[in-house]
């Protein structure tokens, strides 16, 4: 993408158009839906009927919303990129209309993935994101010789094709594990001729749906402060110089890799067992699992942060600097990436402790925490942007993560938290590994610099 679109007005247009669908993708994929759905699904006595109704309700609402945007996308385009001029808005509007349909596709993917989580099947969910990226890459390769505007249309349809591929990936495990039959039979259960059974199922479904939606909306808010903050940063960045939206997007994409690979993956895999342990009142088991996950995440995310900051320019250059992506774009993107990485530990560790809140069905408390950190982060963005420009937005995002972490730990309980982190041996191992990494990277950078200078002067 950086090779073909670079970091300018056309890349900004796509990132703005893809921002809202991508926001929903990250919110749903990172657990907001499953952390509300799974506890309700586990507790439901009519699992198939409950799940099928949830799926139909969401699909119906999202389809109508997508249709509304397709018929009149201008209002949403102005909302997403208020700082764009009229000509750029005109180019952006049809791209927004196409990409918005991905909302419906990503919900279906997330819904099917949540059902598979119940059966402890994570393969489809883990690999579905790669299908989206693959389809986007194929679309860009096909449009390589096209104009930038034509490439935007190819890329947008590539997003939709990726969404369909993600859904299809879930079908085989759904059928194999009997979940497809569960959904189908659950829906047919509402058509039974037995009046008593039908009345019981309808009443039970109403209660389950009411309980689910009561938890869902606070869960979305509570689990998506980072995504909403990033969304707001894109809107604010549209007032800055051309390319600012792209710098944020490219840096954030790399930042999301360790976050998704470790923090989100572990929290997603851990959530069903935490929810069941809480239901069975196994507090010691919960604390034991959280402690193991804590030290693993601290170690891995700290090493990723150190490595990413020390090699930020090299990583950005390797991934993006070709074609339309200039050395200046590399420098700014690498600086943004380094500032994003300051928030990797707090954002990643917050995912771990928020599990406890969601498993206890305390979504309202999580939503309150998220709102506070979101407003503090927004205030930081507006304060730092005039001083640091796009770098201020990245720094504010990391500060928002720190606020979120402190507030989540407060809700979890400082005494319980101190009990989890009390392990001197683990801390010493992490400190040793961090020191070794720093020394190795310093030696590596020095060696590469000397090698470059040697061959550079040899050329003369």
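Residue numbering: from 1, along the chain as shown.
Every residue, even glycine, has its Cβ placed from backbone N, Cα and C.
Note that this is a predicted model, so its numbers are computed, not measured.
Per Swiss-Prot, transmembrane segment is recorded for 4-24 (among others), and the stated evidence type is sequence analysis.
Note on the transmembrane segment (50-70): residues 37, 40-41, 44, 76, 96-97, 100-101, 103-104, 107-108, 111, 115, 182-184, 186-187, 204-205, 208-209, 212 of its chain, located 6 or more positions outside it, place their CB under 8 angstroms from a CB of the stretch. Positions annotated as transmembrane segment by Swiss-Prot: 50-70 (among others).
Residues or ranges marked as transmembrane segment by Swiss-Prot on the basis of sequence analysis: 95-115 (among others). Beyond the transmembrane segment (95-115), the same-chain residues lying 6 or more positions past its ends with a Cβ under 8 Å from any Cβ of the stretch are 13-14, 16-18, 20-21, 24-25, 28-29, 33-34, 37-38, 41, 51, 54-55, 58-59, 62-63, 65-66, 69-70, 73, 76-77, 80, 124-125, 128, 152-153, 156-157, 159-160, 163-164, 166-167, 170-171, 174, 179, 183.
With a threshold of 8 Å between CB atoms, the same-chain residues lying at least 6 positions outside the transmembrane segment (122-142) that come near it are 1, 3-4, 29, 109, 112-113, 116, 151, 154-155, 157-159, 161-163, 165-166, 169-170, 173, 260, 265, 268-269. Among the features that Swiss-Prot reports, transmembrane segment is placed at 122-142 (among others), with the record citing sequence analysis.
The transmembrane segment annotation in Swiss-Prot covers 155-175 (among others), and the record cites sequence analysis as its basis.
Marked as transmembrane segment by Swiss-Prot: 228-248 (among others).
What Swiss-Prot lists as transmembrane segment is 257-277 (among others).
The transmembrane segment annotation in Swiss-Prot covers 292-312 (among others) and rests on sequence analysis.
Taken from Swiss-Prot, the feature transmembrane segment applies to 336-356 (among others).
Summarising the annotation, Swiss-Prot assigns transmembrane segment to 366-386 (among others). Through the fold, the transmembrane segment (366-386) approaches residues 217-219, 221-225, 228-229, 232-233, 236, 240, 354, 357-358, 392-393, 395-397, 399-401, 403-404, 407-408, 411 of its own chain, all at least 6 residues removed from its boundaries and within a Cβ separation under 8 Å.
Summarising the annotation, Swiss-Prot assigns transmembrane segment to 428-448 (among others) and lists sequence analysis as the type of evidence.
Contact between the transmembrane segment (257-277) and the transmembrane segment (292-312) holds: at least three of their C-beta pairs are under 8 Å, each pair 6 or more apart in sequence. Sequence-distant contacts of the transmembrane segment (155-175) (same chain, six or more residues past either end, CB-CB distance under 8 Å): 1, 14, 17-18, 21, 95, 98-99, 101-102, 105-106, 108-109, 112-113, 115-116, 121, 123-125, 127-129, 131-136, 138-140, 143.
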